[in-house]
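The structure appears right after this line, and notes come after that.
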Amino acid sequence: MIIEARNIRKSFGSLEVLKGVDIAIDRGEIVSIVGTSGAGKTTLLQILGTLDRADSGELRIDGTDIMGMNNRKQAEFRNRRLGFIFQFHRLLPEFTALENVMIPALIAGKSRKEASCEAERLLSDLNLSDRASHKPSELSGGEKQRIAVARALVNHPAIILADEPSGSLDSAHKEELHALFFRLCREMGQTFLIVTHDEKLAAGTDRILHMRDGLLFSE
């Protein structure tokens with residue numbers, strides 16, 4: 001198992017959002033989590049991605065005990081091993097597409113030359129080489145989200161965590177992005193965990209998990 005979590009609990013004040021969640025994901029799987037708004041999907045994704053801490057429970061990612069790490073160690077692990085794609089691209093407006101993709105690699109300690117070469121390779125693979133010098137304001141919605149995908153991939157993460165990744169796109173760009181996810185999983189062997197309301201995207205994944213009342217169900 002590349003992700004294994006047991007009895008994950010999380011409360012905000014008196015509101016218990018996660019009530020003892022168990023989840024296990026194999027390497028190379030694409031798994032979707034669906035459910036109504038407020039069911040706890042994003043909270044769970046943030047905990048699995050080390051962006052937030054559970055109140056209690058166990059979490060191992062690729063054999064590493066995450067709960068025992070301090071914040072600095074978690075941040076280092078996150079930048080090396082995990083990639084994130086959000087509904088809104090979160091590109092830095094003052095930087096070019098190429099520079100946005102390079103940022104996680106630079107944070108990981110790679111040289112500027114190495115980061116640039118890898119970012120250029122990814123942009124080429126995603127048919128975005130001609131947009132490398134453009135800033136986010138000069139890109140379409142679909143292009144910005146593909147730049148965000150390249151940024152998520154630049155450190156060769158074992159796992160990609162995506163929260164409503166196509167929620168802000170039109171139908172044509174959604175189809176394009178979904179096809180890209182499946183291609184990456186097939187060609188690069190990466191594991192994808194996707195929170196989505198998009199029934200078509202969920203239907204194409206290896207497994208669909210349903211979140212209800214703070215718990216996960218496989219149906």
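For all residues, glycine too, the Cβ spot is worked out from N, Cα and C.
Taken from Swiss-Prot, the feature domain 'ABC transporter' applies to 3-219. Annotated ATP binding site per Swiss-Prot: Gly35, Thr36, Ser37, Gly38, Ala39, Gly40, Lys41, Thr42, in sequence order, evidence recorded as sequence analysis.
Taking each Cβ in turn and tallying the other Cβ atoms within 10 Å, the top scorer among the binding-site residues Gly35, Gly38, Gly40 is Gly40. The binding-site residues under consideration are Ser37, Thr42. Their Cβ neighbour counts within 10 Å are lowest for Ser37. Per-residue pLDDT, averaged across the domain 'ABC transporter' (3-219), gives 88. Listed in chain order, the extra residues whose Cβ falls within 8 Å of the Cβ center of the ATP site residues Gly35, Thr36, Ser37, Gly38, Ala39, Gly40, Lys41, Thr42 are Met211.
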